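Just below is one structure, and these are the notes that go with it.
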């Protein structure tokens, strides 16, 4: 391709193809779309990426990303510091914030324990979590990790690690997703939903 | 979201969501991926976009995009100037170049005639095409437009327009895609493939 449209376009396509959700073909389509919308999209996106690269930092308290450290969530005095929600990734934090039912503080692990992939406790932001709990003030740690083997392993490991402290560890409920149809659900979810059934 | 992670990240997500193939959810995933890979991906992509915005121009001869005008295809003396391949978009030009069977010159229309969408001959790069043919030297015009109603309308319009000149107008063959299974093909394609059957 380099001899068709020049190395600049080829480089743009190659970098776009490294975004999750874009393959070589959709990266080419995206590049053409960007070049067509040079003024409204390509320029602003280049600027937004430059700003993000230069200004976004990881919060030293909770592991969230923001343009300030501590992040705006940690700096917000209205947040309830007695509840700490432990998540695997910043994307999970965003998902919980979109649900909008929590006014708690967060702690981002940066992943889940995964012996097969060589991810041990030292690779995760776990030491800082224990430090925050040891400081006192936290009454409940909600382990909002994924309902995967790695996520659950991580939850149990952290529960064990926090057992010396006077803190309650909880996990998210399992059950039927809101709007979900029973016919499409796996047996594990249905069993969990039956076991945790609620009186009407 | 603005109060979770700051307006800079929100703006990056909103701009990414305007790329074809990315919705709000995948734009968030892409933004997080970019921020995680700040040095290897976010920075280089910002730079590549800036270079593309500043240096890419539309070729005044054929309508292709490149960092030079005339584009590298028009400037290449080894290209056969007696054959002109007319395509709707630069993406179509790239697709034909990837097929690698042509050593011809191109002409990019910038779309197809579409009365319903208000796209008439004046909105397309047709005048320049007639000019190139009128200059002489072109023996065949391959109308490599899409096999859609708009594409075929455009092909017929251009054929009509070029009838005063001594130039042969051709179109791409219809038929079974290589590797395609008959069971999945529409009737129109099958009928065309039968009609244009080849002696073995």
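Cβ coordinates come from backbone N, Cα and C, glycine included.
Database features (TrEMBL):
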type	residues	note
ZN_FING	B:59-74	zinc finger
DOMAIN	B:82-177	domain 'Toprim'
When DSSP states are grouped into helix, strand and coil, how many residues of the domain 'Toprim' (B:82-177) land in each?
39 helix, 21 strand, 36 coil
Compute the average pLDDT of the predicted model within the zinc finger (B:59-74).
94
What does DSSP give as the helix, strand and coil breakdown of the zinc finger (B:59-74)?
3 helix, 2 strand, 11 coil
